[in-house]
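Copied over from TrEMBL, here are the features:
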- B:23-423: domain 'Oligosaccharyl transferase STT3 N-terminal' (DOMAIN)
- B:570-621: domain 'STT3/PglB/AglB core' (DOMAIN)
- B:441-466: region 'Disordered' (REGION)
- B:21-44: transmembrane segment (TRANSMEM)
- B:88-108: transmembrane segment (TRANSMEM)
- B:120-140: transmembrane segment (TRANSMEM)
- B:146-163: transmembrane segment (TRANSMEM)
- B:175-191: transmembrane segment (TRANSMEM)
- B:241-261: transmembrane segment (TRANSMEM)
- B:273-291: transmembrane segment (TRANSMEM)
- B:303-324: transmembrane segment (TRANSMEM)
- B:365-384: transmembrane segment (TRANSMEM)
- B:391-409: transmembrane segment (TRANSMEM)
- B:509-530: transmembrane segment (TRANSMEM)
Amino acid sequence: MLRLWSAISCLLLASAAASASSQSFENSAIVRTIDLGGSLVHVTTTFAVKALKEAAGVYTITLPEDEIFNTSWLEVKVKGKQQPLTVTYSGAPAGSKSHNLDVSLEKPLEAGATINLVLETVQTHTTRPWPQQAAQDEDQSLKYETSLFVLSPYNTSVQRTKLKSSSPRIIFYTEPENVQAFTLENPVTKSGSTVTYGPYSNVPPSANQAFLDKYQQRVVLHYSYDYPVLEVLKLRRAAEISHWGANLNIQDDIVLHNAGPRLNGHFSRLQHQTQSFYGRGAPHVLPLFTVQLPPGIRNTYYLDQIGNVSTSHLRVAPSVSRGLKNTQNSVLELKPRYPIMGGWNYTYTLGWDAPLGDSGSYDPNTGKYIVSIPVMTEIPGAVVNDAEISIILPEGATDVDYVAPFPALSNEISTHVTYLDTIGRPMVIFKYKNLTNKHAKPIYVSYRVPISAHLRKPMAVATVLLVLFTFAMVARRVDLTIYKTPTKKM
Amino acid sequence: MSTAYPLPTNISPTTVANTASLLRIVAFGLISGAAIASRLFAVINFESIIHEFDPWFNYRATRVLAAKGFYEFWNWFDPTAWYPLGRVVGGTVYPGLMATSGVIYNFLHYFNLPVDIRNICVLLAPGFSALTAWATYMFTAEMKDPSAGLLAAAFIGIVPGYISRSVAGSYDNEAIAIFLLMFTFYLWIKALKLGSALFGTLAAVFYFYMVAAWGGYAFITNMIPVHALVLLLMGRFSGRLYVAYCSWYAIGTLSSMQVPFVGFQPVRTSEHMGALGVFGLLQIVAFASLVRSHVSSKQFQNLLAISVVTMGVLGAGAFVVMTYKGWIAPWTGRFYSLWDTGYAKKYIPIIASVSEHQPTAWPSFFMDLQLLIFLFPAGVIMCFRELRDEHVFVIIYAVVASYFAGVMVRLMLTLTPVVCVSAAVALSTLLDTYVEAKEPDVPEERMEANGSSAPDGKKTKKAGGAVGSQASTTAVAAASSAISDFVSATRSSASTPRQKGIWGADTRLVILLNAIGMLVFFVFHCTWVTSNAYSSPSVVLASTNPDGSQHIIDDYREAYYWLRMNTPQDAVVMSWWDYGYQIAGMADRVTLVDNNTWNNTHIATVGKAMSSPEEVAYPILRKHDVDYVLVIFGGLLGYSGDDINKFLWMVRIAQGVWPDEIQEPNYFTPQGEYRVDDRASEAMKTSLMYKMSYYRFSELYGGGNAVDRVRNQQIPKVGPTLDYLEEAFTTENWIVRIYKVRKEDTLGRDLKTANAFAQGKKKKRSKPVSRRRAIV
């Protein structure tokens, strides 16, 4: 869990400021909606905020410790606006296992003014299969655990938590206890596929140990889930930019793992064939999946360690020139060599060539090339535990600069030597952990390539050939015979 | 002098020579291109993949070599093969092939060309086929002339007999061995012609390379001595022969002993004794001729002759005694099977079980060589016309290789080069005769005197001019004209000696067009055979979709990849030995037996486990720590190369070691049929192999008839049950089925009763109900 922490601490610039002066705000309502998924859980919390003091510009959000460790992506927006607000980390309130995030509002609120803030987070690895094993024909159900109350340093008039499952089959949910102080009605209701905790009225400032000890409690939801729970254990993306071929080659090496319930017993092909014949595939089996690739790609290859995997279908969308809106992606239906049952692994390599013009451009003002390379290609519903993206620039590129959509755990620039290189190519490496579909954004790399660097390769080849021919010319004319027989009879 | 067609006159000889040289280079470039391109069918139709079985081991070894270096490879002990024995790979392998790839790999990487080792391995054989074409060119050029050489190069470049072992992906020792074979022979001929120790040494170096690359080096080891011996017997002993042979033998033998797998065999085994004997004989003969040149006495010469013979006889006697005493190892079983085709089947079923060790069927000669097989004898006869030393070599080679090719299918490979050489000599002679523009001078008065002699003469020239024309074409030489040829030939030889030659351009055209037509057919045949018969990787199968597109059946890799990804790294997989190398290469798991069939008992153990009932097989499996058992089953798809069809060999091999427990007749029906349906014998039905193959097979058909599409037999509705194994994985088309060996029951029951108990629970619960009813 600690590794996640480092991701978050990168995300939020640490600041030593103490918690906001108490009670500059009041929450008129907090609604937390948790979209239960497999490896990803999307949480949207809406804070209806009312300012109590003049010029209140910094609103504090408190997240419990376990939750912040599981959160791999976080964004705060004003409801209805696109631009996210600046969020800074402001330390942990003394004695409580929670962490404060300060949201700087665009402009300070006057007393009595209201604003709706939306906190969106994506949690990874928060569900676990229960039971931990499932036979081939059994259903898959997961358990999700969270805390009952949304924490806030402010008074809250009413708050509720909705847990939404994709299927109405909810096997179990916790009945909260000791909530008579906040509600007189049923503390939890289930309707269809949604379980709602609350509304709980008049919740006092909760980001303190006293409240946590007295009221905070864990709630568990056990629900059945109809899609396989996927984890990409390892993603190695190599993007190679070639100016000679006007080509951007992207290759992903992926270790895929089905993190759903482990297969109980053994795999029976007969049963699998029967199930897929009647269209009743077990939910924890992954027979194939679809990924969206950029339009206009060529030479797509899908292999694993022992060769080509012939069971895939690709529909290539036509190339879209840069600047125009991309309406259509190429669609690749990937079918692994075998259906991936719960607990099984599969590795594969997927690569393609794309026209460099679609993702790169030349800026005549600065004399630099700018290329955008997506951090990852989304595998629907999967979390990428460990990612390493290396961008290989043309040989001789200088002034390498990059802008990442979110900071990497580590960056380095090294040298990669490949076909006919003499000095090697600069390679920028980004390392990430726990990437989700929200992270599939481009990294921008800019660099300069002098003319001499372009000509380096033909010059090198020409030199080698020249040396060879010269050697052959000389060698043909050298006579190493020690003794010349006068005339030979044969 | 008259010519059949106008020839340019104002060309200097240098221009002709230069143009000819340029044309040769261009032609040779095209031949290389054709040789490489025709081997790429497999890559284009499928992918860049290693084929079949043995190449997977070579590929795996090459990867070790490329990753860890030569020293590590040399000392490589592979604990994952022949579990639990392991295999000393460095000492039991011909490293030439891997070393070649390793050198190429390191060379390319040194120059920053990061070519994948797999692609080097896949494309090594096509690359070397171009070199083979070049070596054959040089060899044939020594026999006749460079134009015959080009023909031979073109033949060997595309002939299916050689392509069968050298398509892209067929990464086997033969891929480089044929080049080495031809090049060593070329260097030997060159050394013999020149009496050059340099070429003799070069021949020895390439002989060493050949020894390091292929077990078939014994062919060279015996061919060259036989050639030398025949030359001796023909009275053609010379200083050239002495220098060439001695430099080759001494250096070649010493260097070949550096290969660990060969070791001291060159002085300890019978296969190598011929070379040693001829070496000794040459010393005696050389000594004798030296003495004779200095001594004149007739009596002394007689004494010398007697002493030479005595020494020869003594040497042969010593050889026999040493063999008898066991100082020299007698011939191995594989060697015996070359003389007696029934030998292997009787004594070493494991050799006989390999399809490429079967005697060759006649059609395969035509399939592999087509036109060349007809030109071949003609070429050999051409060699008799001049009978220089090198022609003797070709004649011996032709005779020996023809015999071996008839004994074993795989030895077709050694026949192919000599067929190409002889056919090229024959065809080139034919072309020489008919392309030649010169017409014979005919005295005017004879033409007037005998009007009918002109057509007669024409026919005579044909018959005398080219033997090839007799063999190759029937269009011109009809039977009746052949008789008249003889008549006129005898008549003319009796009267005046007549000039040989061809009159007119039309005659030439008829023959040449015929010859070219046959060559074109040859090319079509080669392409067809290559693309249809020899370019299947056998790891990947292809079929056609209803819409005509290609459908890949990839069950092998599906299963191997599943093993690789989802079983523990040290899991032991038992399968028949055919799949050992593939499991090690693709699934990266421990195997019991593999294609390096060195331990017959171990293989027989697997055979016994496969052919025994479950409860007998289970202790064997547990004792060998087997975790998974893998069988190949083609019944659903009609894939005939499956384990049920190989099953009888497993039974035979097991019977060889345990004749009391396994008997082949038990697996047949009382009528002597090999059946898998409800009439199958009891031993068959209870055998592990049968159970694993047909486990739950009939359920796939619901209530319908389950038909095994390989054997066209109906499988019983109630299929076999398994108690000691459980199904772990079955591929999409059921070709590969993997079973997990269950661990012993935790309560100490045997698994059969444990299973019965687990399944019988429901019955026990229902019993009290019925009892109560009975009471009521």
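Here the Cβ of each residue, glycine as well, is placed from N, Cα and C on the backbone.
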**OP:** Between the transmembrane segment (B:365-384) and the stretches B:88-108, B:146-163, B:175-191, B:303-324, work out which stretch tops the count of Cβ pairs under 8 Å.
**Re:** B:146-163
Original post:
Can at least 3 Cβ pairs under 8 A be found between the transmembrane segment (B:146-163) and the transmembrane segment (B:21-44), with each pair 6 or more apart in sequence?
Top reply: yes
Subject >> Helix-strand-coil residue split for the domain 'STT3/PglB/AglB core' (B:570-621), DSSP-based >> reply: 31 helix, 6 strand, 15 coil
Subject >> Segment-level pLDDT (mean, integer) for the domain 'Oligosaccharyl transferase STT3 N-terminal' (B:23-423) >> reply: 88
**OP:** Go through the chain and flag residues at least 6 beyond the ends of the transmembrane segment (B:391-409) whose CB is under 8 A from any CB in it; none is fine as an answer.
**Re:** 143, 185, 188-189, 223, 226-227, 230-231, 234, 337-338, 341, 355-360, 364-365, 376, 379-380, 383-384, 415, 418-419, 421-422, 425
Subject >> Within-chain partners of the transmembrane segment (B:120-140) [C-beta distance under 8 Å, separation at least 6 from its ends] >> reply: 28, 31-32, 35-36, 39-40, 43, 48-50, 55, 58-59, 62, 97, 100-101, 104-105, 108, 146, 148-157, 162-163, 165-172, 175-176, 178-179, 182-183, 185-186, 189, 417, 420-421, 424-425
